[in-house]
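Taken from Swiss-Prot, the feature active site, acyl-thioester intermediate covers 99, and the record attributes it to sequence analysis. According to Swiss-Prot, the feature active site, proton acceptor maps to 392, 422.
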């Protein structure tokens, strides 16, 4: 069996990405305070349909995701269909794969096109860290169920007496890995210690990310892939990511205290992504359908891969596992790539993966390869800045990366690019994109 992945339909047509768009990304409780993931999803999908000038009735499938689930609307994809101009009969379902969620939604639509079930689909993801599902304690939840079934005042009073004051306190969503109890920041600290990632190197990468993102915004490169978002009640708007330190000074990063290991740690708020609100989406078509409708694709999916590792130690190594598999399926090596775009959840996580890309020992022991994935050429790496600067609405990051890579390759006259990300649960995602 060939190792090559055939990302085509039965007619041999490639899977085309014809358009991509996102909202500006905003830090928690700022511009999108009070705006749900669903509302941001509808916002970006409506604008993408308008800008692309596609008839919404032609969209045959919508796959959309969120990580911080909304109990009131668990199938965010279907609600987006009902809240936009698409046909109510449009197939729509929701996915979640932690920080790789919109990689998954894009692949699901691509695979539907590959099988011939559809010709046109829309994929993306949205997350809000400002509109959160606040829970209750287990004891209160148990009591509420019992109260609902109690018939007499005496029964209800007996149930209420079981509760203490602390049982009535709201419970915010967990920021920890369910299986281990470790937060993502604690995992980043693990990785910094395992791979001897210094505080200085982490701060330098964060400074680089903010500096490049500032230059990218000032150059106008993001103008066509980031919409202006008008915030209900429509008295204000946001048209630019608000996490970017536009006057980043490297020396200032050293002033912050470690956030997760106060005594010996190196991971700080400045070299980590903040909690972020935002949404993104892309339109995919078969190559033939795109040409028939007069679209010039911004890129094509050449290969993709998803991987998983154990969650107890250094679980954010996903790019180091998914990338070689995606490259193998594309028939390529790392040095063949024009651009490399890696999600920067934390500077420590990013630097650890970069280090392992160049490690023959890691390749032999963990990947079963006789050569390293390859040393990363920094002139190709996150050339527009990364998530440390732009922010990270969990489910929206994948399709941001895909759109950004395709547009930058187009500006450079074409080539191939890697988009890759780590994700909670020890997951990894990688996608090879080609642009003519």
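Glycine is no exception: its Cβ is also placed from the backbone N, Cα and C atoms.
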Cβ density check for residue 99 (active site, acyl-thioester intermediate), other Cβ within 10 Å (all protein chains) comes to 31
Entry from the active-site residues list 392, 422 having the most other CB atoms no farther than 10 A: 422
Cα distance, residue 99 (active site, acyl-thioester intermediate) to residue 422 (active site, proton acceptor), nearest Å? 7
Pairwise Cα distance for residue 392 (active site, proton acceptor)/the residue listed as 'active site, acyl-thioester intermediate' [Å, integer]: 8
